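Taken verbatim from TrEMBL:
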- 21-41: transmembrane segment (TRANSMEM)
- 53-72: transmembrane segment (TRANSMEM)
- 84-103: transmembrane segment (TRANSMEM)
- 104-207: domain 'CAAX prenyl protease 2/Lysostaphin resistance protein A-like' (DOMAIN)
- 143-164: transmembrane segment (TRANSMEM)
- 171-191: transmembrane segment (TRANSMEM)
- 226-244: transmembrane segment (TRANSMEM)
Amino acid sequence: MVAEDSSMKNWQPVPHFGVKVLATYLLGYLATNLTVFAITWQANLSANTANNLMKLSCALTLLALSRWWLHLPLFKRPQHVSKAALIVLMIISLNLVTPNLHWGLFATALVNSLCVGLLEEATSRGPILFWLWSKTPSRCSPYWWTAITSGIGFGLLHLTNYVANPDWIQILIQVGYAAVIGFTFAGLFMYTHNLWFTIIAHSGFDTISGMNEVTVSHVGWNVPEVASLLLVVTVCLLIGIWLMKQLTGKHHDLQF
């Protein structure tokens with residue numbers, strides 16, 4: 001194995017880190033419920049607007065607690081900006097699988113996707129990622145361990161989609177490709193030191209989905225949709241592996 005740079009270990013968890021991580025997520029959930037309560041007094045809000053406000057309140061609560069309570073370095077000065085920007089553009093462009101984009105939906109898709117991107121990145125690449133890092137088994141690479149386990153967690157998070165779409169085949173497909181994307185996004189965050197790259201990649205990818213007739217959120221058995229799924233999974237997996245190789249390289253300088 002190539003000798004790993006261990007400088008990320010300069011980050012030290014605050015006392016009682018695990019308990020505080022759990023409390024952070026519970027407080028985020030509480031903020032969401034308080035937002036729901038407040039929204040009930042505003043009957044003129046659409047369901048979509050109310051949903052976005054709930055996601056935004058939870059995301060901002062998680063990010064604020066991560067910064068000022070857990071002292072997590074989520075938004076440090078970005079590293080490898082040009083390569084990371086290229087990766088973000090590649091990930092977003094993976095969803096351009098058909099010319100049938102409905103640009104009239106762009107504004108709505110963008111707002112919805114920004115709220116989703118903020119929430120899911122704060123949830124999956126925030127406190128839980130650092131907690132997983134702190135629990136790396138002694139014989140494992142912390143970079144690989146953190147990326148793989150957080151990716152699996154991100155995939156399993158999509159089991160909640162069963163409520164809206166009770167089709168286990170579709171749900172398991174979503175879990176699989178989301179795990180790969182989560183693996184890649186974890187690597188991208190550790191590579192850049194800055195969560196904005198994954199937020200932009202996530203939100204941009206979902207924005208295209210919101211305007212597209214063919215998305216990986218629901219995969220049919222026709223050639224374009226299967227090809228789209230395979231393209232996303234293959235390219236994201238290759239990008240993730242490349243990022244892991246950069247992170248574990250002998251001369252890589254990662255300062256958290």
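Every residue, even glycine, has its Cβ placed from backbone N, Cα and C.
No curator has checked TrEMBL annotations; they are predicted automatically.
If you look at the transmembrane segment (84-103) against the transmembrane segment (21-41), you find fewer than three C-beta pairs under 8 angstroms, all six or more positions apart, and that falls short of contact. Per DSSP, the domain 'CAAX prenyl protease 2/Lysostaphin resistance protein A-like' (104-207) is made up of 88 helix, 1 strand, 15 coil. Here the domain 'CAAX prenyl protease 2/Lysostaphin resistance protein A-like' (104-207) has a mean pLDDT of 94 out of 100. Within the chain, the transmembrane segment (21-41) has long-range Cβ neighbours (under 8 A, six or more residues past its boundaries) at 50, 53-55, 57-62, 65-66, 69-70, 122-123, 127-128, 130-131.
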